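The annotation compositional bias 'Polar residues' is assigned in TrEMBL to 8-20. Summarising the annotation, TrEMBL assigns domain 'CBS' to 609-673, 706-764. Annotated region 'Disordered' per TrEMBL: 1-21, in sequence order. What TrEMBL lists as transmembrane segment is 77-101, 162-184, 204-224, 236-252, 264-288, 337-359, 379-398, 450-470, 477-496, 524-549.
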Amino acid sequence: MEVGEGVSSATPTEEMNGTGNLMDFLDEPFPDVGTYEDFHTIDWLREKSRDTDRHRKITSKSKESIWELIKSLLDAWSGWVVMLLIGLLSGTLAGVIDLAVDWMTDLKEGVCLSAFWYSHEQCCWTSNETTFEDRDKCPQWQKWAELMTGHAEGAGAYVLNYFLYVLWALLFSFLAVSLVRVFAPYACGSGIPEIKTILSGFIIRGYLGKWTLLIKTVTLVLAVSSGLSLGKEGPLVHVACCCGNLFCSLFSKYSKNEGKRREVLSAAAAAGVSVAFGAPIGGVLFSLEEVSYYFPLKTLWRSFFAALVAAFTLRSINPFGNSRLVLFYVEYHTPWYMAELVPFILLGVFGGLWGTLFIRANIAWCRRRKTTQLGKYPVLEVIAVTGITAVLAFPNPYTRRSTSELISELFNDCGALESSQLCDYVNNPNMSRPVDDIPDRPAGPGVYNALWQLALALIFKIVITIFTFGMKIPSGLFIPSMAVGAIAGRIVGIAVEQMAYHHHDWIIFKNWCRPGADCVTPGLYAMVGAAACLGGVTRMTVSLVVIMFELTGGLEYIVPLMAAAVTSKWVADAFGKEGIYESHIQLNGYPYLDIRDEFTHRTLATDVMRPRRNDPPLAVLTQDSTTVEDVETLIKDTDYNGFPVVVSRESERLIGFVQRRDLTLAIKNARQKQDGVVSSSVVYFTEDAPQLPASNPQQLKLRRILNLSPFTVTDHTPMETVVDIFRKLGLRQCLVTRSGRLLGIITKKDVLRHMAQMMNQDPESIMFN
């Protein structure tokens, strides 16, 4: 039987045409057959089959000569070479971005006189006049007011510094949005929703291009330095995937196979998180849990290698100057106690509620941006939000500094040498203990002052992040979410610490907190709060906990982190299953079938397939009675991605399926290269040419582009099974038959529309615009 013969539309093993005088010009494959149009979905089965054929061909050739054997070895190693290159480039770019952000963030406040390219910290490192108490002050570093007027203190100097801070912020954000708008519109946002969609098999040309890579890298530095409430972590995943796409084009194994390319991009996403947080294992788990659609074991090993190389490269550059990979390294000197699980779980609840609030408010604002006049003025929107952010951020020392520095300070434990306001406790003059183990002490005026400022910073961050994420500049969400959680966590931590100090005879503190002991570590609460809020927004669990302990080095605190992450996910899931990335995918109408969605409705394939009752009949081709003109008319009059091929219109027996793009290219190529092909030439998909009178024009054989094994289901197949097949096999379409007769077709968009309808959503919202 014919239907079982081939596996893919482009099998090179297909037999030659039997009739001598007719040429099957497709025996010599021509460019672009088997490729895809922009904004179309790839056919995973077809790509896998093509790669198997390519591999079989290389293996059989490798036995012929030494040169072919070397070529086959190079082909086998090309995957590891690509991973090495991705790791090196993404690590280098991350290091450069980190150094540039440090310098430009400090540039808003002042400049280093000895070397203007030094950041504040580097400037004072090199100074000989720096004291330990005033390690932030050194004569080489001058604020703008001091440089211009000679006065470092006073109202005039404050106003001038304030004005220049806002001016620099506006300049950076204006440059960022202008570069994105003019050179690479795809460089905006975090990029993770689109990466998820691309990895599920959707094609967005240019999204991972060279221009996007260049502009995203430059504008990411500008956007983060402008002081907006955004992070560089999400965009670094996009940057790493751009690196992956760039190196794919060097090897035909990846450049000509969209399925193989996606394996590389999955590993590149892992390298991106590895350099964003200095968390190589967390990166691999993030790629597996959050972004990847198809993640074979081979990709797991390669992701691990890419993440390792990227982390090693970043460590060699040492952008943080602390000889560590991690951003917020912490060393706590006390264990946590069982009773503390209660506040940790409460922080988890807060994280889940904040995640839900943020997603709903941000999606509502982004929808408003898409549907109103607001979307037409992206530059003005960015300038306005930057202006408001800078004006409100400057008076509060906790919002003025970069968000990463803020989180670092909130995570810190108060040692004897800390000069931060958060560590202004009242010291007992009789205390004679080792420096590390400082007992709980009453809070001093500095701590109370800091608490007010942190409470204001929390409200400010919660509100401003809603309006910032989704603007036309590179914007990540990890760091702002962690900041919200870290502020809330630190406030809770100080409250628990003071309760334990003043009420150590209470039953909850009695067992584990003796007077004069160091019981509560407020920095740990900040760490748990950060994990809870990040989990609430993204719905990550396993990768989140691993990223957090790699990020901080706090291996001992896995249980509190797990408790908070699970609680925040439960609470957030109670209000809606989608995380922020899935919500943005829905908002943009990308055709993404989430593996985690459950389909529980009792509908059948016949309820979803097209044509419906009152629709015109299905557009099909016959195996040996359609002319070139008929095919061209069909292509012109319809916008379908492919056409079923049947024996005849009367019998409707299914033979195979042919892609629209392949058909268009084949006819165009035949008209150019094959003599005698005219509009009245018969197109046939059978092995042998049909018997026609000698006076008929040259026939055209297109069997090579016919997929002889299209995926079919019967009309009584439950939609639950159909949805599962589409998810697990990554299908573009599947044909519906009854006893071998073609009844209709179900495409991926039909499935998504039907799922939206079943959930009482607008089915047309699925259409990508």
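A Cβ is built for glycine as well, from the same backbone N, Cα and C atoms used for every other residue.
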Within the same chain, the residues 6 or more beyond the ends of the transmembrane segment (477-496) and with Cβ under 8 Å of it are 190, 229-234, 276-277, 340, 343, 346-347, 350-351, 354-355, 358, 398, 403-404, 406-407, 410-411, 422, 443, 447, 451, 454-455, 457-458, 461-462, 465, 468-469, 520-534, 536-538, 580
Are there residues at least six beyond either end of the transmembrane segment (379-398) with Cβ under 8 Å to its Cβ atoms? List them, or say none.
162, 165-166, 169-170, 172-174, 176-178, 181, 226-229, 369, 406, 421, 450, 453-454, 456-457, 460, 464, 467-468, 471-473, 487
Cβ contacts under 8 Å made by the transmembrane segment (524-549) with residues that lie 6+ beyond its boundaries
273, 277, 279, 281-283, 285-286, 288-290, 330, 332, 336, 343-344, 347-348, 350-356, 358-359, 407, 410-411, 477-478, 481-490, 492-493, 496, 555, 557-558, 560-562, 564-569, 571-573, 578-581
Cβ pairs under 8 Å with the transmembrane segment (236-252): which stretch of 77-101, 204-224, 337-359, 450-470 has the most?
77-101
As a test of reading the model: what is the averaged pLDDT for the domain 'CBS' (706-764)?
88
Per the 3+ Cβ pairs under 8 Å rule, pairs at least 6 apart in sequence, do the transmembrane segment (204-224) and the transmembrane segment (337-359) touch?
no
Taking DSSP H, G, I as helix and E, B as strand, the domain 'CBS' (609-673) contains 24 helix, 17 strand, 24 coil
